[in-house]
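Annotation source TrEMBL lists signal peptide at 1-23. Here TrEMBL flags 35-249 as domain 'Pentraxin (PTX)'. The domain 'C-type lectin' feature in TrEMBL is assigned to 263-382. Residues annotated as disulfide bond in TrEMBL: CYS490-CYS502, CYS497-CYS515, CYS509-CYS524.
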Amino acid sequence: MELSVRQLLLVGCVLLLPDVIKLVDTQLKLQTNINKTVVHFQTEGMARPDTFLKYKKNVPLMKRLTVCFRVYLLQVRDEDAILSYALEDEADELFIAFSFEEQALMVACCKEPMWMKLAMPVRIRTWISVCIALDLDDMKYHLASYGDVREGMIPTVKKADYVIRNGGLLILGQDQDVFDGGFNKFQSLRGDLSDLRIYDYVLPSALMTSYAECSIYINVLPMIDLEALESDFELVNVYYEEIPERVICSRNTNFTVILPEFRSFIASELVCHTLGGKLSLPQSNSDKNDLFQTVLPYGKECAEVASDNFWIGAIGNFDTQKWEHYLTKEPLSYTNFLGGGDNAIAENAKCATFIGHNFTMESEQGLWTAQGCFEERCAVCSFKKVAILKVRGLCAESEFDRRFFLSERNGSLSFSGVYYSEIIKNPPVTNEETGITNYGSWTLRRIDKPEMTATMEMESPRHYPIGLNTWIIKNGKCGKSKATLVLTSCEDHQFSCSDGGCISIDYRCDSESTCRDGSDEDGCSYLYVKKNYDITSPPPRLRGVAVKISLHMNIKSIKKIDLPNFNFVCEIEMVLQWIDARVKVQYLNIIDEINVVPQNEYPWVPKLEYSGDENTVSDAVTTKSRMVVLRRSSPLGDNDQIVQESLAFDARKSPLLLKEELTVSTVCLYDLQAFPFDTQTCTI
């Protein structure tokens, strides 16, 4: 039996696999000095259908194959097309793409349709390493990503002899809806692609894992290799460069952002947190050196106020005279104060700053000083991963992105939409008529539709577009020229304060201010009605069943018995409970007594008439009234079209409870023939 070179390599790989895994110090270990070809798609940010790689050679018939690749998504599309292999009669002979929305790898193949959506994390601005193998004989797939390996059966519509046929066209970075065409900008790649390999057999699971983990350098020759870029591919509106493999395989997702405006320590802390990060804090000399190099480009700009020009996340405890982490309050094991030792902590100087410029002696660069927390410095924010910020308040038809993350544009902080938008900072502008210069503005726009914009005027040089702001909209889809929007990093079950801070949603409308600006207690209507709500009409039937009203009466006291006038006066408490599905219910607390509805906001209320003996009319005067909404269900799903998290509830499961105290004067037809040696009965 004769074996091809590739088959021999595979056999050798399988036979030597236990030894390969053990060789951590040989040439098979990941070689950090190796450079890899990285191809950049859609570098200008605009979604477009004309950026791709076209494979110039023939793709053979395959019953088994493995595709491995590393990708760095700068933004995502409706489908992030990695690979599209098409024939004249079948556009999806082989198709591999990501779905960010569904957090899945999508795979299709063969003339007889076969589609799979394999759940996996799809992250932005992080290198993703994936190996996907298809065995069309056994109808099994193998997937390796993020150190996870799993296999399963390939789902099929009908029985067929599945095979990936030869003679087609392989495209990287776009999806072919028809052979060599039908490209759609919404099914494309915006990012970097590297180390793509295609094998015409199923790579052993251990090697797939090693590739996905970047733990071992795999020198098994592939059938198609991106390293043969110049000879094997036609480049269309892309460019490439060589990058060390250690950079591509780095698992470090930490990054630092400089806020070059002057703020107090407390304001800097708030902005860092609202952006999804924390104030940076060096914990070693190595950290200190790295931080100094990071802030150095901003050193001169941020040294206009003082030479110690950046806030860091250390705060002094005056009572213990210890420096602590500003969040955890844990004592610091590393400090680096000017003059050596731990700086003495004074009441008016207990926040730490960092000397981040090279206009002082080299020995002082990167040292700390203690300053008053209300002094103003620039801030250094650290992030453990890409923080996603959400926009609230856009209508359903809006074409702006609803999720953004921090980025940089022309040396200035900006926000990139996850899909197709961006928020950029504009410089100050002088009004020619008045001569007044504003502070600048922020513009939200679609990159591919620059005429569609929303602009926020800055109220100070420190005004970021986070929190609650008013935007002027041009050419939007919502039919409005002005909108109130919130840009927030708050997560599920949190409330976005107007200043951008985040608190637990449970503190919303609990009669106690938790947000720094008190906005969690603004607009706290537990119940509201639509404009066309008819307060005179009772609630409609639910599924043909009349609305039930429960009633309980408690006679609290008999105030007066008037025998000559055949009358008695009593104080009663009426408790009514019913459901009104027409109302909107929100912000309900677990403690029912907090969920009070003001009297001027009462919806329809059952009308009661009080009568005495023989249905004589009684006089009833309400002395006290209190309505509450009862929380009897879990909150409904959040609606990001509402500016701030609404925490809505199903009105059909939220009874209204009305307690009224009344003084009732009613007629009692006394029978006095045996008075006072008898018993009188009065009714109400």
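From the backbone N, Cα and C atoms, a Cβ is placed for every residue, glycine too.
Sequence-distant neighbours of CYS497 (disulfide bond) (same chain, six or more apart, CB under 8 Å from its CB) are GLY467, ILE503, CYS515, ARG516, ASP517, SER519, ASP520, listed in sequence order.
Spatially close to CYS502 (disulfide bond) yet at least six residues away along the chain are HIS273, THR274, THR488, SER489, CYS490, GLU491, GLN494, PHE495, SER496, judged by Cβ distances under 8 angstroms. Cβ packing within 10 Å was compared across the disulfide-bonded residues CYS490, CYS509, CYS515, CYS524, and the lowest neighbour count falls to CYS524. Break the domain 'C-type lectin' (263-382) down by DSSP state and the numbers are 31 helix, 33 strand, 56 coil. If you average pLDDT over the domain 'Pentraxin (PTX)' (35-249) in this model, you get 93.
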